[in-house]
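> First the structure, which I've put down as structure tokens, then a few questions once you've had a look.
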């Protein structure tokens with residue numbers, strides 16, 4: 001089939017040699033052919049020349065239309081007889097060193113399946129292929145990223161088939177008059193498209209520009225027509241690991257092939273090309289014992305797995321249960337020309353409880369004084385598991401020899417030792433020796449094939465030392481009931497104390513330890529307690545009718561030991577307190593209509609029945625002094641009233657109050673009453689007349705005065 005350049009409806013892709021160097025890729029990138037009546041099977045259509053400047057190793061061609069292929073010698077042929085092939089074919093070539101795209105425009109062809117979108121995996125709507133409006137032909141332009149100067153560089157041409165005289169081309173869109181501005185320009189006369197600087201596919205992979213034809217005045221006469229510019233990826237980005245730090249864990253003894261972790265790297269290049277096709281590899285393992293190849297990484301997925309036997313994956317035999325792997329990710333599917341990135345993967349061999357704790361000795365010895373508590377011995381164990389885990393932490397239990405629960409054992413969280421303590425004081429006189437059986441286990445259960453052995457139990461021999469113990473009062477506290485006011489020298493109680501040291505024949509003496517009121521004394525030999533003062537139930541040292549004193553019992557040991565006993569005396573009440581009235585001051589207006597002066601109350605320190613009901617009385621009144629009266633309200637209160645209004649003055653009223661004790665006690669108290677002037681709701685008691693007392697007292701005073709004269 002004849003091949004000729006068709007320039008009326010085409011885009012020319014101009015490729016320049018750079019510094020006379022070999023430029024990898026197709027030597028011609030755009031071809032034009034006329035649509036034949038039929039493409040004949042296996043008949044060469046045209047010849048493509050691709051050179052990666054390195055010998056074309058692993059060269060492979062892909063054609064956008066699956067009904068065509070490119071032979072190894074570069075010949076484009078049809079796989080069967082075809083009448084319609086579409087308006088364009090795109091050929092993608094890829095070798096181990098380079099890749100490129102060529103375009104075959106079929107003049108007179110119709111739209112057909114298979115396009116540049118399929119090869120580059122570009123979404124619908126993002127690529128305008130062979131868009132044509134009237135006389136403007138603008139097919140996609142492919143530009144490799146990272147081109148080197150000189151710039152500007154011609155990359156294609158837009159054709160005006162009408163060629164109206166005086167018309168001009170105008171280019172607009174992102175990359176021209178929109179940011180990034182000035183990346184492309186067009187020759188307004190010829191339609192030649194130029195790129196003015198190096199492009200970065202990772203920043204902007206495609207540009208959509210608009211082409212118009214304007215008249216001399218700048219008015220648009222054709223268009224706009226979309227012009228797609230596609231930036232071809234170059235391998236200019238190294239793989240990077242973005243999610244570190246990378247730490248994985250695997251249990252010791254895990255089966256061969258156990259997955260530890262996954263390493264994932266990122267490559268900013270085109271994911272549809274080998275530029276972003278990554279392969280993984282382990283460059284270095286530290287430490288390299290017990291095997292330099294403890295792990296393997298899936299070159300495609302990045303999964304790290306164990307490759308040694310479970311026996312070698314033994315944490316307790318390793319120099320260090322932590323491994324560091326230098327992981328390499330390489331693009332270009334791992335070929336030598338690929339770019340690389342590395343990261344460190346840390347793998348921790350986790351412990352499992354495959355070593356039971358064992359006591360360092362079969363028998364431990366301890367000595368403890370009787371009567372004391374606290375830690376008496378630390379039991380040590382050995383465990384080869386990880387100290388930071390429950391597989392190492394020990395749990396101790398007393399399994400025999402502790403019927404009275406006198407002993408407890410707890411784990412020291414720092415040393416893992418068992419701290420055996422006395423929690424209930426031991427008594428030498430009851431038992432001078434104790435034998436305990438202790439077992440030790442881990443917080444975590446052992447693995448199924450491991451069991452606790454004899455070394456996980458130990459015996460503790462405890463010797464109790466005799467000490468001089470203080471005498472003990474029986475009972476304690478000692479209680480007795482006595483009446484208050486019993487005669488001084490009365491016997492209260494005879495106390496008794498015994499010495500727990502039954503094997504030591506010692507005597508016991510007694511003394512007063514605390515006697516807050518100073519009421520008591522004790523016979524130092526026989527323990528008889530007697531009074532040295534009157535017992536008073538109403539004393540501030542008595543609480544809830546009980547007086548408390550402490551006494552000592554002292555043995556004859558060297559040094560002597562002391563015991564303390566408590567005596568509680570319950571005091572019975574005696575009617576030894578007369579009642580008292582309250583208040584003792586009252587005020588009343590001299591013109592009061594209500595002659596009730598005050599309500600009196602009475603209180604008594606004694607207990608019932610030596611208290612209320614109280615009897616209230618006025619001392620005898622005679623003559624004109626009979627101006628007061630008192631009336632009982634209830635058992636504890638009475639009302640004092642005037643029989644008539646009095647002049648402004650101060651008056652002392654003698655009040656008698658008597659309790660119900662047997663015999664009863666009476667208290668005579670003067671109630672002071674101030675008669676005040678009251679005006680405008682204000683009471684004035686400041687200018688009271690001379691104190692008024694009963695007329696009898698005045699007459700007596702007068703008689704005494706006359707007699708003395």
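Backbone N, Cα and C atoms are what each Cβ position is placed from, and that goes for glycine too.
Pulled from TrEMBL, these are the listed features:
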- 1-22: signal peptide (SIGNAL)
- 143-241: domain 'Cadherin' (DOMAIN)
- 242-359: domain 'Cadherin' (DOMAIN)
- 360-473: domain 'Cadherin' (DOMAIN)
- 474-581: domain 'Cadherin' (DOMAIN)
- 580-691: domain 'Cadherin' (DOMAIN)
- 690-708: transmembrane segment (TRANSMEM)
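Please situate the listed features within the shown structure.
Counted with DSSP, the domain 'Cadherin' (242-359) comes out as 9 helix, 48 strand, 61 coil.
Remark: secondary structure over the domain 'Cadherin' (360-473) totals 3 helix, 53 strand, 58 coil, with classes taken from DSSP.
In terms of DSSP helix, strand and coil, the domain 'Cadherin' (474-581) has 0 helix, 50 strand, 58 coil.
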> For the domain 'Cadherin' (143-241), what are the DSSP-based totals of helix, strand and coil residues?
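Per DSSP, the residues of the domain 'Cadherin' (143-241) fall into 0 helix, 47 strand, 52 coil.
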